[in-house]
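Asker: First the structure, which I've put down as structure tokens, then a few questions once you've had a look.
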């Protein structure tokens, strides 16, 4: 079973409280999502492998540690997931970025995939799927399904807020993946929104309705 972790660092929790506020501007919302994603990246990347390397300091030659060169991929779920990419990418600039686009069918209310653009060697990469919200779990499950169909096996799901219903649904569908969030909220309301949540992350990121 993959792990589920709430990253409760004080800086993350402080910024998340501002992010939730109804009066937070689009500009500030965008910057906060970027900052929280970067801070979460510290914990999400904790198990990246290291290797020893000999370097020359101004004083002496020494053996130190660096990332082993394991291939990474950041895969945001469009469109809101885009807001998390740059923050995480600033920590691992060599990572490739793929995209999975979805829309919600108005009749079935289920997510429908309309775009998949991934690195050719996605099956060889450690993948970080990003979406600010894990609500019903439908989009997350479809995204992981899509990645696994293409041979991906090492997948982590990273979100800012999650509903218990969505976490359970994703764990039931894909018990092997790790899930990271900055907050496990109370529940979903009758419209499928996370409570207390932060509203529609895509609209708030891009200033749309």
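Easy rule for this one: first residue shown is 1, then count along the chain.
Any Cβ shown, glycine's included, is placed from N, Cα and C.
Grabbed the feature section from Swiss-Prot, which reads as follows:
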{"type": "BINDING", "residues": "79, 104, 131, 132, 133, 134, 135, 136, 137, 138, 139, 200", "note": "5-phospho-alpha-D-ribose 1-diphosphate binding site"}
{"type": "BINDING", "residues": "194, 199, 200, 201", "note": "uracil binding site"}
Asker: Find, among the binding-site residues listed as 131, 200, the one whose Cβ has the highest number of other Cβ atoms within 10 Å in the structure shown.
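Answerer: The residue with the most neighbouring Cβ atoms within 10 Å is 131.
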Asker: For residue 200 (uracil binding site), which of the listed binding-site residues (79, 131, 133, 135, 137, 139) have their CA atom within 10 A of its CA?
Answerer: 133
Asker: Looking at the binding-site residues 194, 199, 201, whose Cα is closest in space to that of residue 79 (5-phospho-alpha-D-ribose 1-diphosphate binding site)?
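Answerer: Of the binding-site residues 194, 199, 201, 201 has its Cα closest to that of residue 79 (5-phospho-alpha-D-ribose 1-diphosphate binding site).
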Asker: Give me the long-range Cβ neighbours of residue 135 (5-phospho-alpha-D-ribose 1-diphosphate binding site): same chain, 6+ apart, Cβ under 8 Å, in sequence order.
Answerer: 163, 165, 166, 188, 192, 193, 194
Asker: If you take the centroid of the Cβ atoms of 194, 199, 200, 201, the listed uracil site, which other residues of that chain have their Cβ within 8 Å of it?
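Answerer: Surrounding the site, in chain order, are 132, 133, 193, 197, 198, 202, 203, 204.
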Asker: Using only the residues recorded as binding 5-phospho-alpha-D-ribose 1-diphosphate (79, 104, 131, 132, 133, 134, 135, 136, 137, 138, 139, 200), report the maximum Cα-Cα distance in Å, whole number please.
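Answerer: The 5-phospho-alpha-D-ribose 1-diphosphate-binding residues span at most 17 Å between Cα atoms.
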Asker: Whole-number answer please: how many Å between the C-alpha atoms of residue 139 (5-phospho-alpha-D-ribose 1-diphosphate binding site) and residue 201 (uracil binding site)?
Answerer: 14
Asker: Under DSSP, is residue 201 (uracil binding site) helix, strand or coil?
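Answerer: In the DSSP reduction, residue 201 (uracil binding site) maps to helix.
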Asker: For residue 139 (5-phospho-alpha-D-ribose 1-diphosphate binding site), which DSSP three-state class applies?
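Answerer: The three-state answer is helix.
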Asker: Can you tell me how far the Cα of residue 137 (5-phospho-alpha-D-ribose 1-diphosphate binding site) sits from the Cα of residue 199 (uracil binding site), in Å?
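Answerer: About 16 Å separates the two Cα atoms.
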